[in-house]
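Student: Quick one: structure below, then a few questions.
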Amino acid sequence: MYQPGILGRRKRVCKPWTVALTTTAALLALAVLIGLLVYFLVYEEKTHYYQASFWIPSIKYSSDLSEEQSKLQINLKQKINNEIDVIFQRSSLKHHYVKSQVVNFRPSNDGVKADILIKFQIPRKNADTLRSEADSILNKKLQSSQSFLKRDISLPYLREMNAAQAEHILNSNCGLGMEYPRIARIADGKPAGSNSWPWQSSLQVEGIHLCGASLIGSQWLVTSAHCFDNYKNPKLWTVSFGRTLGNPLTTRKVESIIIHENYAAHKHDDDIAVVKLSSPVLFSENLRTVCLPEATFQVLPKSKVFVTGWGALKANGPFPNSLQEVEIEIISNDVCNQVNVYGGAISSGMICAGFLTGKLDACEGDSGGPLVISDNRNKWYLLGIVSWGIDCGKENKPGIYTRVTHYRNWIKSKTNI
């Protein structure tokens, strides 16, 4: 008996040109893959970080060098960074040198010692010779009588550092944010730039944004005391970092909340608190501290400042997911204390900012957030903390902020910052 045929099945025969085409395509794909692999292993640039130590015999160590943002520290750091910039920008590594940064000053019996972090980007194929080449360049230049820097022979010259630790150090300087000026308004619903305000954080309860805060140290925030009127237990709070609330850069739990001893919920004075995080954050281009001004810092009326936050875009309006910013002006306390403005309610611990014409202002949900000003070196300082006001953007009712300089010593007493 014959076996019945299987319906629809027949033998396929590949034509020679089909086999050739398939083989060629496979070989081409393999060649591309090998090419990419070779490029990655040989030509792709890799970042390298080296720590170097130098001796400066011409300068005597002073306690001012350990004081953050002191004039002596700022000037010496800039002088050293400029010297390293010139050395490498005029060398065979000029296309691979990225930047340098002074990490620390140390006392020496005969001068000052400085620890410096140097960043390079170089193809992988040349990575093996980078350290020796950089070492040779530095040695040659520093032996010159024109250089005020000398090699610190007590330590290995160039010590490689891992990327995470190095980036943390490179971004540890305060106040590095938006390049001023830039125009955007909370009232228009325009979001802030991606790395504009890297100290801004969100204080949340059960994942809901309630207040803003500013990062002033790897484990410390400063914010408004009234943010904790209803929720005083630190365990209820979490902190979110990053430009968007829905996709945070990182989060932390809260270890403790320190509210100013004289704060009372029924008044606006002493509206300041500091928050200690459960663990330190790792600094990056998107996560940095804002600078704190000294208690003697003065700001003039009409000075341009920025306030940022995730507050309502207008009175009783929607809340954004992306961080918003608005540029406003400092208004003197005398003007804000006029009868038709706030009628004497503004104390020396407060600062007034906005416009008497209204429109541009902080709003509900911005409480605790930063009011910042830029200096001539493009460093941003925390002038105020969003505290209170009447409505949002109302005529003759500008925003009122806690004056940070007034509480500078209090902040230092609680955080050692």
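Quick reminder: no glycine exception, Cβ is built from N, Cα and C everywhere.
Pulled from Swiss-Prot, these are the listed features:
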TOPO_DOM  1-22  topological domain 'Cytoplasmic'
TOPO_DOM  44-417  topological domain 'Extracellular'
DOMAIN    46-165  domain 'SEA'
ACT_SITE  HIS226  active site, charge relay system
ACT_SITE  ASP271  active site, charge relay system
ACT_SITE  SER367  active site, charge relay system
Student: Determine the mean pLDDT over the topological domain 'Extracellular' (44-417), rounding to the nearest whole number.
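Tutor: Over the topological domain 'Extracellular' (44-417), the predicted model scores a mean pLDDT of 90.
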Student: With helix taken as DSSP H, G or I, strand as E or B and everything else coil, how many residues of the domain 'SEA' (46-165) land in each class?
Tutor: 45 helix, 41 strand, 34 coil
Student: Just the number: how many Å between the Cα atoms of SER367 (active site, charge relay system) and HIS226 (active site, charge relay system)?
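Tutor: Between the alpha carbons of SER367 (active site, charge relay system) and HIS226 (active site, charge relay system) there are 8 Å.
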Student: What are the sequence-distant neighbours of HIS226 (active site, charge relay system), meaning same chain, six or more residues apart, C-beta distance under 8 angstroms?
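Tutor: Set apart from HIS226 (active site, charge relay system) by at least 6 residues yet with Cβ under 8 Å, we have TYR263, ALA265, ASP271, SER367, SER387, TRP388.
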Student: Using other CB atoms within 10 angstroms as the count, which residue among the active-site residues ASP271, SER367 scores least?
Tutor: SER367
